[in-house]
Structure formats: C-alpha cells, structure tokens
C-alpha cells in the first residue's frame, strides 16, 4: 500500500505510520477482511458499527413506491461518512437519517484479534494508519475505492461519496428478498446495488484501491488440465488465466448462494464465527475445485460426454477417503453448470432496459415541460390580447363620449302638461300629509321631553326633602345622646374634698390605702413564689435531660465500638478465607499444569497413529457412498438365489 508514496514521504511515514511498513499486502488484506466480517456479523444482527475516523454502518427506513399506488417499507443498510472527514476534505454525500432505535457499537479490536493471528495493537494500528493514508489520498484529489469483503465497495470520485452493497449481502440482511429488487428498480438507488461479479472487475488505474489485494496465488498457479468435448474427440486442454478466473467466479457465486441459504436458516444471534464461505476458503485442500466444462460452454442433449478413464480420484483426498469406482465414474460423467455468463447478460440487459426507461422518462418529462410552457405562453398571449382590446375599447369610448354636466338651469321653465296635473296634485297632497305628520310627531316628542323634565325635577325635589329630614333626625338623635351622657356624668360625680380643719391629728387623705397595699403585697409574694418554683423545676428538668443525653451518647459509643470490632473481625475473616481460596486455586492450577505437562510429554512420546484421522489412512472409504474404494458396483445385500462355492445347494 505504501508503494505509491515518494521516498521523501516514506521516511516520514515510518515515523507517523509505524505499523503499515511492517505488514505485507496479504496481512493488511487479512486484517481488513476480519474487520469486514465483524461489521457483517453486527449488521446481520441489525446493529450498526462505527469505525472511528471513517464512518458508520447502520440502517435506515424508507417508504419505496412500487407503482399502482403501492408502497413498501424497507430497512436498508447505509454508510454515513464521518462528519470530520467530510468537512475536512469538502466531500459530498447524500443526507441519510437513521432511526434512533437501532443500536450502534464501536469497532471491537479485541474480538477481531481473537479471530486472527494478529494482536489488538497491530490491528488497531493497521486500521488507524490505513485511514490516515486514505485521508491523505482524498486530500490530493485522488479517486479512491475501499473494498469491504462481503459487504460492498466505498468509492470516492470527484469528492462524491458512494457506497455500493453486494446483492448477496443485501439478501442476507433483508431475509425476505424484496430489498434488492426494490433498490434495483428505483432510479435513485439502482447504482447502490453491486453484483459479486462486478467486484472482481478491473478497476481504472486512476483509482486507488483500499486495501490492495494481490492475487499472487492465481498468478503463480500452473494451468489446470480440463477435459471437455470438442468435435466428438476426447483431448485435454489447458485453461487460460481468464477462463480460470471465470470458473472461480462461478464457484464464488454458488458458494455465496449457499452462504445466503445457510445464513437465513439460523437466527442472527447465533452467528458468532465467520461465514461458511470463509471457512471453505481457509481450508487447505477444500479450496481447490475441479470443473469439467466444454470448450464452447454448451452441450447437446443427444451427445454423450467422453471422459478419459482415471484409476483413482486425485482431487478429492480428504483424510485418506477417496472416491470409489462407481462414484468416480458418476462424478466424471457429470458436468457443472455455471450461470455467470447468463447472469451477467441478464444484468446487462436489465441495465440497458433501465437506461432506456430512464431516457424515455426524461424525454416524456421534457415533452411535458415544453407542452406546459407552450400552453402558458398561449394563455399569456390571449390575456395580453384581451387586455389590449379592453384598453382600446375604453380609450375609444372616452373619445366618443366626453365629460358633460348632468344638470342644467332653465330661466323660464315651461308649464307641465294637463295630463300630469292630477298626479301632481296627489303628490302634493301626500307631501303635505307627510309634512303635517312630521310636524305633529315633533310636537309630541317635545311635549314628552318637557313632561319627563318636570317629572325628574319633582323626583329630585322629593329626594332632597327626604335627605334633609334624615339629616335633621340624625342631628336630634345625636343631641339627645350627648345630653344623656352629660346627665350621667353629673349624676356620678364624686364627693367633694373634706373641709379643712386646722390642727387636725387625723390624716385627711389615704385613710383606706393600707388594706389595698397589703393585698397587693400578698399577691406579689404569691406570684414570686410561683415563679421561683417554676424556675427550680425548669433547672431540674434541664439537668435531668442532660444526664439522659449523656447516657444515650455513651450507649451509642459503646454500640459503635462493638460494631467496629465486629466489622474488623469479619474483614480479617474474609481476607483469610480469600487467601485460603487463592492458595487452593493456585495449588489446583499447579496440579493441572503438571497434569498438562505430563500429557504433553506422553503425547510427544506417543506414536504417529494416535489419532483417528491418522488411522483412517488404513481404511479408505468413498466420501459419497461410504463404501470401500475397490467397489465396482456390487451390493452388500444378497440376492434371492446365490450359489455357494463347494456346495450342490442353491440358496
């Protein structure tokens, strides 16, 4: 991946990107393949995945119009580019709204490291540095295609972001099979669906592929001999690299279909490992596929294939279990059918029809817009002509009839004819009657108004008289009240001072004041005594309350001390038990380690034929019918009559 960077920038990359230079292309592809598997598993379980620095894989719900006023609600996967990356490089992406009930999990490097031979730091460094290199490639205005294995291809061309998903992935996520058809039939989303064959196509040299995958195994693999039928003669031919890639692609399509069926048969929560296709590709001997195809790719029904006899099947060695003679002949007579070319032709035809439909639709829309503009233009012309005609008519009318006065003054008005004299007399009588009735009505209204004024004056006079009478009455009552009060004061007036007698020994004032002082002093003494008793009781109660509080505090301190001692004892007991459990676990682990060491030593000293798979080499069986490889068609079931050797009986 770093082969396109200049030498000056490579030294800087070794400081900024310490992980990528130490990894090969195959290792980088393997790491991103594991990342794609993790994202695919999470999307299969209807969960979003956020890749820091790149974007988020999630779902969106959309109502698609299927025609004939029918709508279908689909949930399709989408990729939302990171906002920081979009703002930094000025990228353009369709705005997509994702519902909030779909959980989004971050990229878990620990789970990815458990699935491959790389540790967590290596995977995280590879992902981060690859995204840094991707950001630099975008910054220099270079076209980029980022391939996610099993998911789709993220392409950035002319600062436009587009994510195209594989049909197999959409089918596995949807489960109903309607999502792919709905997206492929709509003009807005038809370019979001990508077939698996298009992903293997040759990319333009101007686009930078992430992560780069070099097919070294395909280039270094020797040509495979394929036996086919050509002109009725049996002869082997060597397939070229292009034919071999087509066959591998056909096998890929069949395997992907099997993967789709297997994935639909299980629930999303149980998918915890890689797909069946990845397991099939990682297997050493199972990855080689022998295909028997005719040179022309077609077979006639009346022609029988002619194959060269082989003593044993050399391409199906699985744990020593070869194919028997019968299964081998059946396998050689069968030929594989690949629908890759037909599927590609069908897709090309569908794309052509879709383009024709789009062109026809655009032409129809353009024709409708032209017709609408022409109709609008004609209507505007009609309105302008009508307005012009109205203006001309108004102008001509004004010119024909100029303004004139509506009334005239005649100096000598001629007399009215005698025919209208009777009507004029009636009109004059009616006018006189109206004038008389109007005059009577005014007189009556004036009389009523005067009467109402007089009534108001009389009523006001009565109210004033009543108020004055009430005022006089209240004044008389107040005078009587003051008079009674003065009479009571005069009546209750105290006695006069005693007469002064000179040289009198008896006191004149304060003769009866001693008894009152004695009573007052007694009251004060009793009050003071009561107050002293209350103060003493209050002081005694305060002292008792203080003693009770001190005793309660002392009891609380003693209880707290006992609880603290009990907690310390329990903590010491817990620590002792924990130490004892740890010591027991250590002893148990030590014993298990010793046992494992003994088992490993015994295994190393054991013979090579210890496992059942090693012993299966002695007993070769056909992998299809489970019979011995020397089977030539005989049956294990005895017939109704069988001749026994050395006997005259027929059983």
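Every residue gets a Cβ built from N, Cα and C, even glycine.
These numbers come from a predicted model, not from an experiment.
Cross-referencing 171, 275, 589 with Swiss-Prot, the residue annotated as phosphoserine turns out to be 275.
Within the set 428-465, 466-503, the record from Swiss-Prot flags 428-465 under the feature coiled coil. Your range for coiled coil, going by Swiss-Prot and the list 511-538, 539-566, 595-622, is 539-566. Cross-referencing 98, 416 with Swiss-Prot, the residue annotated as phosphoserine turns out to be 416. Looking up 155, 256, 273 in Swiss-Prot for phosphoserine, the annotated residue turns out to be 273.
Scan Swiss-Prot for phosphoserine across 52, 139, 195, 206 and the hit is 206.
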